Amino acid sequence: MKLLSVAAVALLAAQAAGASIKHRLNGFTILEHPDPAKRDLLQDIVTWDDKSLFINGERIMLFSGEVHPFRLPVPSLWLDIFHKIRALGFNCVSFYIDWALLEGKPGDYRAEGIFALEPFFDAAKEAGIYLIARPGSYINAEVSGGGFPGWLQRVNGTLRSSDEPFLKATDNYIANAAAAVAKAQITNGGPVILYQPENEYSGGCCGVKYPDADYMQYVMDQARKADIVVPFISNDASPSGHNAPGSGTGAVDIYGHDSYPLGFDCANPSVWPEGKLPDNFRTLHLEQSPSTPYSLLEFQAGAFDPWGGPGFEKCYALVNHEFSRVFYRNDLSFGVSTFNLYMTFGGTNWGNLGHPGGYTSYDYGSPITETRNVTREKYSDIKLLANFVKASPSYLTATPRNLTTGVYTDTSDLAVTPLIGDSPGSFFVVRHTDYSSQESTSYKLKLPTSAGNLTIPQLEGTLSLNGRDSKIHVVDYNVSGTNIIYSTAEVFTWKKFDGNKVLVLYGGPKEHHELAIASKSNVTIIEGSDSGIVSTRKGSSVIIGWDVSSTRRIVQVGDLRVFLLDRNSAYNYWVPELPTEGTSPGFSTSKTTASSIIVKAGYLLRGAHLDGADLHLTADFNATTPIEVIGAPTGAKNLFVNGEKASHTVDKNGIWSSEVKYAAPEIKLPGLKDLDWKYLDTLPEIKSSYDDSAWVSADLPKTKNTHRPLDTPTSLYSSDYGFHTGYLIYRGHFVANGKESEFFIRTQGGSAFGSSVWLNETYLGSWTGADYAMDGNSTYKLSQLESGKNYVITVVIDNLGLDENWTVGEETMKNPRGILSYKLSGQDASAITWKLTGNLGGEDYQDKVRGPLNEGGLYAERQGFHQPQPPSESWESGSPLEGLSKPGIGFYTAQFDLDLPKGWDVPLYFNFGNNTQAARAQLYVNGYQYGKFTGNVGPQTSFPVPEGILNYRGTNYVALSLWALESDGAKLGSFELSYTTPVLTGYGNVESPEQPKYEQRKGAY
């Protein structure tokens, strides 16, 4: 279907608006469409019925992965992620936009460089990946403030409500962000097909109006005013029906919800609690939104991990390949057709962008690791499932039925959900009745087929389901005109090539399977041993039974070749689409899917294309890898791998075979301990000579924070003064009267924060932090103070990000950072006058390239010494491995060169060692803050930094702040640069984002 012209879209939008109901909300006009059909007038490219979306009139399954571009600040690597997601068999990515990174100052929207959205859109289009845009304004996402910029703490209104001050505060951001998204809509030739207004608008409390339909409508109208014309889709936090179509004002076009059924108990990864596998999603969908396709906008693909947690490898163990097998097939049993996995690639909470409930890594235990690696078994297992769905269009029109036990199998230990096709083609999802069972269960299937009701296996042997496993058995499955009456082995994919068809089946270890094909032809084994294979004719069908083997067998029945694989072997197979022209595949359609070939290629196959007689494969390798091409196009004569011609042979079955040799290159990394380290005391504020006259006076008698009243004479909430990120430093001046004996202070910086206090140059003590503690009370004994003498209390606080705001009305995002209360014995609280600082300039932040959150308030940060080429020549020598002999904060900087080989993707890590002392460190790499280490809290000790932030062939600048919170000081036990397996890659060059070097900052103090 043709794209609508800009004029046509404008005209139809005007018609739709003219037919709408208008009413007023706090001075703003709300547009409510009384008839959902009116929304269709905005565009006719993305449509839907009760079963699925249609794009350009073709029914489509959206298999999607969540990716946040802001968690990988190297735009030239975004295409790498899209390649790896497309290789899974996915066709879509969902993404958040983080408001806090784009409007650090009210009214000053900046989306440039690493924050620009257009390169993300361009990369998606090049990879042939559709996009679901989720700009918020609230996103949650385990980011600081849930995506709300810190200055919203000063808004005199309830967040995520119809309060006018809040709505006005969002207008500029949404107008700009949504406009950028609008330009990338499919109606403009871009990849964006759906738009999600708000995010998990699913809970309220505390007397605030919730749900507020007018608020939701306002959010949608903001997007429409910015020229968003694609359908609105929601992500209710649970299947509760909020804002579902037909619910009136604030209703979205398509209802969707989230689900994290296994939770986040990464400390106990083998525990699958009773009752956590959903079994009622289909029923709820029919109750809540029966006219729209069943949509899971966020389904668990990993888990977050808090400070002090067990680490993300444990989170992967919790949500691993067994989870994906059981839970994702269960989701398919409900007929899901928009299916987004959160997260598919997690990334990194660099530059203070995370919330206090998490640390620097946002690996999430995702299918793709933080280092963009695809070696996790979950990645491969999901690839098998996604390619099956892609090859099975009849899934989208099959009708899910009720969960059963004892109906389709001969045992009550198994449960089966059928999806019955209106035309031939049904699917039977089998799992353990006790979904967490780790037992292997033998069974026979009882299936209705076109050949009658059958008990399977019909030949010898029994079927088995291993523990924590699930299968989809197909019945009357169409392989280009050949009817697969049933298969107990799972389908990976099928293709029709010139002269024959190929069906790829796989099974688990020690399993027996059976396949029936409607055919009058005989069974011929054309590759592999016939050991363990039996076959017979029965009526107009042939039946084949076999034991799963790690050795491939190929059987031929007529023009159908059936590849019999074990699951681990199937992991090495890929199904790239061949572009009709050029080298990019374009968006998937039934036509492009039919053009696919099947390739066995090991670690990663990014894509394939045909150039005359040359078949080109673009792939990555982490070992010497045999390559096979199944279904090479007619006319293809030569094989090229990553641009290099590769010799190949062709066997009797037409399969091309070649091999890529892998020889790991020599990787030479500098010893960080041997660098020429320079040291600077970055806490000069405790010295008697320090001048804080340029600092902000904390003299507001009232806070603008409506959430928490003051317990101090003037506000000491950092956001009242424009400081929202990183370290905070306070200096309190008073004149002693000689009666002071102790000082009490309550500080707040979010979970796992720390604080330290000095009186003049005398260290009083620290709150060293705990994973559970968002704030801390400390009382410090004072020596006799001299009456009439001026004293200064210096307080350093680690702000680990602002809280999220999930529940409307709780206003948790407004939980302040800084000093909540204090008491100096013998003095009135007003006797102390305070000054404070955070990042230089606060909301007028200095580094526009790295954004508003990257820097905190340390002296070295305010000066910009964490950037490349600091003026360190005159600094004294000193290493973080020598550290500090007393409490304080040191700053260390050094440089080193890298010369890593081109054509290799080499994951690099900065490792701090397992040091449990009360010390905190910040890691800066070429000016980007890429790690916050907290020894006594943990768990993260290893910090991956991607190419682009690190210059793999050039000079790099590394800086560390080291904060000793105990009286005996602190040092790093170790500090090393390491790597893991180099990957020979066909990706191409990685371009570094801007890395502004040090320049003297005007007004720096």
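Each residue, glycine too, has its Cβ placed from N, Cα and C.
Fair warning: this is a prediction, and the values are worked out from it, not measured in the lab.
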Candidate from N188, N199, N320, N453 that Swiss-Prot assigns to the same substrate site as Y96, N140, A141, E142, D258, Y364: N199
Disulfide-linked residue for C206, taking Swiss-Prot as the record, within C205, C266: C205
Spatial separation of N140 (substrate binding site) from N478 (N-linked glycosylation site) - C-alpha basis, Å: 43
Residue, out of the glycosylation sites N373, N453, N478, N522, N805, whose Cβ gathers the largest set of other Cβ atoms within 10 Å: N805
Under 8 Å by Cβ from N156 (N-linked glycosylation site), same chain, sequence gap 6 or more: P165, K704, T706
Spatial neighbours of N914 (N-linked glycosylation site) that are distant in sequence (at least 6 apart) but have CB under 8 A: T941, G973
Neighbour count (Cβ, 10 Å) for C205 (disulfide bond): 11
Position of peak Cβ density within 10 Å, selected from the binding-site residues Y96, Y364: Y364
From recorded positions N140, E142, C206, N402, N805, the one whose Cα lies nearest N522 (N-linked glycosylation site): N402
Among A141, C206 [recorded positions], residue with fewest other Cβ within 10 Å: C206
Listed recorded positions E200, C206, C266, E298, N373, N760, filtered to Cα within 10 Å of D258 (substrate binding site): E200, E298
Among E298, N402, N622, N777, which are recorded as recorded positions, the nearest neighbour of N760 (N-linked glycosylation site) by Cα: N777
Cα within 10 Å of E200 (active site, proton donor) - qualifying recorded positions among Y96, N140, E142, C315, N373, N622: N140
